[in-house]
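Annotation comment: TrEMBL describes 62-144, 157-239 as repeat 'Solcar'. Per TrEMBL, transmembrane segment is recorded for 20-44, 64-83.
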């Protein structure tokens, strides 16, 4: 889900105007994949059991709250891997480093271990709402669709619902993503003093529309990523369930 196809991060990182070049379009892809896989595994490993526990705790009419909270908790756990991955990826995409190992080594040497967690607060500001909103939308749409169809959903249906949830969430959280990107790529320059200062500086120097930089490619790519991620997730859950038969669950606990 975090892969970068249209390099919207470059759009967000550039102050004022800027041109996108095709060279380096996949910069940081290797390091990104190396971080995304364990981060996604950690997220799902925390999200699923947390979701089931919260669904048993909350009444049925509050299942959306359970999904929202489970998504946020899963995001907190995954952030331990996601943040260093994002820092390295975005520094490479803005041309600061040529390879992921060089990026890690030089960031740690010049900025210390905390440099790998630059913008951690802004990352949580974006990713916790993103995870919570995306999974809440996805789960609630699946519940409604299953009740209306009175059957389990197939892979194409899961993919469509996942694409919609990802695209909508991507649009809603674009301003948070712009802020996170600016804070992460500034390095030791300390151009911004924090989240509030970053917002004020962007609005003052570039205007409010700058907070929506890259929204088009972001929505498109996250929609595609959501389609793939959720369809694969549901397929994996179905295969695991078939290998370990359990009592039939209530639709809200899917």
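The chain as shown is numbered from 1 upward.
For all residues, glycine too, the Cβ spot is worked out from N, Cα and C.
TrEMBL: automatically predicted annotations, no manual curation.
Sequence-distant contacts of the transmembrane segment (64-83) (same chain, at least 6 residues past either end, Cβ-Cβ under 8 Å): 2, 35-36, 38-40, 42-47, 50-51, 54-55, 57-58, 116-117, 119-120, 123-124, 127-136, 139-140. The average pLDDT the prediction assigns to the repeat 'Solcar' (157-239) is 89. Per DSSP, the repeat 'Solcar' (157-239) is made up of 73 helix, 0 strand, 10 coil. Here the repeat 'Solcar' (62-144) has, by DSSP, the following mix of helix, strand and coil residues: 74 helix, 0 strand, 9 coil.
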